[in-house]
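Remarks on the structure that follows.
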């Protein structure tokens, strides 16, 4: 749950809030500050449940909008800020935070060239912590200062430059087959909890599951059937080439509310078989609906929590000299092993429930030596059964390896691809052989989708032990060439192949991909049509506006022509009203007598008027 942030500032405006504000810098205030690391629901129930019970329910309901893992991350951010706040000498805190608070926190928490300390974290963690502080404000109904976004980006970029000088952060190491073998041999004969842990480890490895999806929030008490894995969520199916178990995961990390995800587990004919691990867990529950990965004690049914599982696994691996392995290493190891054995990326994404390229974060490359060592390890695990190491799209053995077995040694019996195992001598010996010899007579295979089914040993929890291979001269019925043609024809039959593909989910996967592609195409076509219709409407609007402008221009032109006509008329009137002077009769020098020839039609008075100086 989110940290006890209600005790920080959410109670402002209440007597408790004023009392808390008044207690800053006092021992009581510091004691209150120390109590803020208590989970939110406990702190709320202790301080406000009596006075505001309904408000408490509202806040709890609000918090359930985030997944528990997300709340844990936000809680880490709040705790980190509390440590920063205490180190700078502030015992109390008011929301909303200021720009100075956030800037100083980013500088204090991130790595810098000007300060060092154990409290410094990577730039990526600083970014996540700022997101947690923003969620903290949202929980309190306060506005996170948006003006700091650009400054936060610059602080994170500056810390990233310093991080780059320290070298890349090491990736999560994968769990390998040798780690699984060590866990099984170390925990298989332990108490009930150890047996549940080793079964969970096998399922998490082969199912590429998140540990949080298989574990439980508490180690005892009632469970929420809508969120956790129960024995009723297990389904056993028989396939064309073996059997498999399907686990229904509710409330997965990447699933929408109400959506279900499935983990597919296939038979492995060795001590690492996840199907046998599920059968042991089902037998442990004795038909009751309870936690799948739990164990019975004198006090009742106990459930495995993530912390208990990871701590025990790390302790056992540390005793074997394996350090640095984490809970998420099982998911990384399962994906990396399949990639190394040649399983296609499509199958890996389908089995690991990845729907984007993020699967690449979980793939760790195997060297040629590691691939050879892994195949040899798996071969040794199933050598007593004559196991053949195969994988989807895996390459065949080299001719040198095949020629090494041409002496008086028995080759592994051919793989039986038929559903009816009655004609296979190994299957008959499986039913008639004693219990101690069952493990040495059943032919099996290792592949991405498992091998042939095996009769469950419900009464035993002990794994099959590997022993040195013992070769006997084969009988005529068990020679490698007997029935191989019939088996290959049946295996390559189109109907059988179609059934296998449907069983493996490949066709359904491609159908889903094609459906998504068609939906994407349809949405794009609709978007194009929408854009075209929008462009047409815009074109019509522009044309209408252009026509309006043209009409306006025509009107302006008409007005201009009218004004021109008015100007011309005024000029004509001015010319008509202004007398025209003949320069031959004008005396420009008054007082002097100028001889001029008389002009017909002009009198003496008119001639005198014309001789008047115009300046007068």
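Residue positions begin at 1 at the first shown residue.
Glycine is no exception: its Cβ is also placed from the backbone N, Cα and C atoms.
Within the listed segments 546-573, 574-601, TrEMBL records coiled coil for the stretch 546-573. Note on TrEMBL: of 1-33, 34-66, the range annotated with the feature region 'Disordered' is 1-33. For the coiled coil (546-573), the model's average pLDDT works out to 86.
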